[in-house]
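Asks: My structure is below; once you've seen it, I'll send some questions.
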């Protein structure tokens, strides 16, 4: 390692020495050229005056400047430019010409064509008071040779063509990019001149004096009211309060059209519910600004120039402005790797002075790359605008949820039944809780308790407490982690019960089951009871059940095995019977989002995270670390790997309170579903039934009672089972009261079967 470091230091020192040598020679040549005097003595021009040369570099400078100007003319200054460029590249540790010998050929042709063109137009020129050959002797001879054979026009065409080809060979410029830049500058100048002319003529029109005949005429009173603009503003002071564009992109003043009338009294015992009106939501005034096209075009130009600085040639094909970000569709030149552009996102952020830039490489269905840049003024996306949209109101799916707007400003909704489960993750304060409130609110706006029920699990105790007491809840909001495991076991039991009901009616899903019951009610045919009905189970209309867990990490810390087993069973089987999961977590680590959970929940939403590792854990790819926060999300729809960027719908705590108050007054005194939900009875009985499936459990009990020893190692040896299986048997015996609790290093006490 030290030898390698010493080698790099030696190589770096060599580059610096060569750079200083080239820079010294270049400076001497440059100062000799700018101080050239034709009367200085040289090899070919002996001075009759016996005085020292006037050249700043002395006699050597006089010889060098005379030789360069004689052979190359004004192109002599090109050698100094090349010298400065070579020394700068060596100082930076990079080769001056990294693309091979073709650039040397281009530089040679560039010098030759320039000297010939200069000599063709003006053979001699007075430069700094001295007469020199414009193209040098070489350029003059070549120009005369070509002009004798091609004439003046043909020589011009040939030399200009060679000059352009040499320019393309020796520089990274392209004709297309150069023409684009020229056209863009011309259009910008044209727009500026056009707008300046309009302002000039408007000022002239405003300064135009009024005709003197119109002032004394009394009949022209209506015309007189129309003429001045100031009396109209004075007569109507109201627009001063309405005129709020100076306020900002996110409106602080909001127009709330809610009143007390829509909150209806409790309904009758018939079970009829009233859906909430949209007046419960705040109506925000439109504050969206039209995009500044000049600013967008300037950003596109900066984007192209910055990428060109890194050797990435291409063109911005289209600009798509949105409420929060603007996407620039960039088409790279052939041969440019996409990974090079993705790796330059931080450099582009610095050049455009943006918070963060996300690169979509490539855009699905297009031969272009999407570069998403945040807008200066961010538009607020309210949930009311999404719910009022045709996408939400026109949907017939009962579990339609409002997510927000896409990058073009179009409302985005999704059907939870098609997902069929949803995973939400993101760092603290990025909009995760607001998204859950928006999902819950959109469900409550479409579904009565007869259509949908909620099971809310909130270990943090404060996020979902606003929904306490609404009739859609099958159980009060669960806040204890141990009670949450029982709630998930109840959901598994409910799923198994529903599948029995579906199988009894010979249907495949909950929609077919409810339709079958509706047909039977309309036909009113008396059929013989099925074996399931004879066992005591009665058919009834099944509502959807949406289970929302606000912080999955807390549950996994308390009882990871039980929670993972229940979630896995529900995610694998609960779709057809109408039970859907929404899991949220702020810690997207692999011990929380295990592989089994991720495999069974393909639909995911990721808010801003702190690293690419967290982004890959959630959505199996990078990009979430470049989001803006405050509701900015990446949505992974079911059945596709295409990520969709969405700006989440905002709903305030006051709006949630208005909505839940509307539903609380419709709470029925008796709720059959709530009466049969008792999580307290699930813990022991459910655990025992699962563990009694072990075929060696009875043998283990007899062994413990016989030996009066209750240890895991003893069961492992005598029954030839693994550690986990033996530990479950001991836990099972403790729950049934056969053995006592563990007391440190002391052995467990054997109580016997009758002890429980």
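Placed from the backbone N, Cα and C atoms, the Cβ positions cover glycine too.
Residues or ranges marked as transmembrane segment by TrEMBL: 20-39, 64-90, 102-120, 132-150, 157-175. Among the features that TrEMBL reports, region 'Disordered' is placed at 220-244. Summarising the annotation, TrEMBL assigns domain 'FtsK' to 409-616. The ATP binding site feature in TrEMBL is assigned to 426, 427, 428, 429, 430, 431, 432, 433.
Set these features in their place in the structure for me.
Replies: Tertiary neighbourhood of the transmembrane segment (64-90): same-chain residues 15-16, 18-20, 22-23, 25-26, 28-30, 32-33, 35-36, 38, 40, 42, 44-45, 55, 57, 96, 107, 111, 114-115, 118-119, 125, 127, 132-139, selected by CB-CB distance under 8 Å and a gap of 6+ residues from either end.
Remote same-chain residues near the transmembrane segment (102-120) are listed as 72-75, 78, 82, 133-136, 138-140, 142-143, 146-147, 152, 155-156, 159-160, 162-163, 165-171 (criterion: CB distance under 8 Å, separation of at least six residues from the stretch ends).
The list of residues near the transmembrane segment (132-150) in space but at least 6 beyond its ends in sequence, with Cβ under 8 angstroms from a Cβ of it, reads 36, 69-76, 112, 114-125, 158-159.
According to DSSP, residue 428 (ATP binding site) is assigned to coil rather than to any helix or strand.
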Asks: Near residue 429 (ATP binding site), how many other Cβ atoms are within 10 Å of its Cβ?
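Replies: Other Cβ atoms found within 10 Å: 12.
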Asks: Determine the minimum-neighbour residue: among 428, 433, listed as binding-site residues, which Cβ has the fewest other Cβ atoms within 10 angstroms?
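Replies: Comparing Cβ neighbour counts within 10 Å for the binding-site residues 428, 433 gives 428.
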Asks: Which chain neighbours of the ATP site, leaving out 426, 427, 428, 429, 430, 431, 432, 433, have a Cβ atom within 8 Å of the mean position of the site's Cβ atoms?
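Replies: Other same-chain residues near the ATP site: 586, 607, 608, 629.
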Asks: Are there any residues at least 6 positions away along the chain from residue 431 (ATP binding site) with a Cβ closer than 8 Å to its Cβ? List them or say none.
Replies: 607, 629, 630, 631, 632, 633, 648
Asks: Which whole number is the mean pLDDT over the domain 'FtsK' (409-616)?
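Replies: It averages 88.
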Asks: Neighbour count first, Cβ atoms within 10 Å, every protein chain included; then name which of 427, 432 tops the list of binding-site residues.
Replies: 432
Asks: For a quick check of packing: other C-beta atoms within 10 Å of the C-beta of residue 430 (ATP binding site), how many?
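Replies: There are 24 of them.
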Asks: Can you name the residues of this chain that are 6 or more positions from residue 426 (ATP binding site) yet have a C-beta less than 8 Å from its C-beta?
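Replies: Once residues fewer than 6 apart are set aside, residue 426 (ATP binding site) is near 432, 586, 588, 605, 606, 607, 608, 609, 624, 633.
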Asks: Indicate whether residue 433 (ATP binding site) is helix, strand or coil by DSSP.
Replies: helix
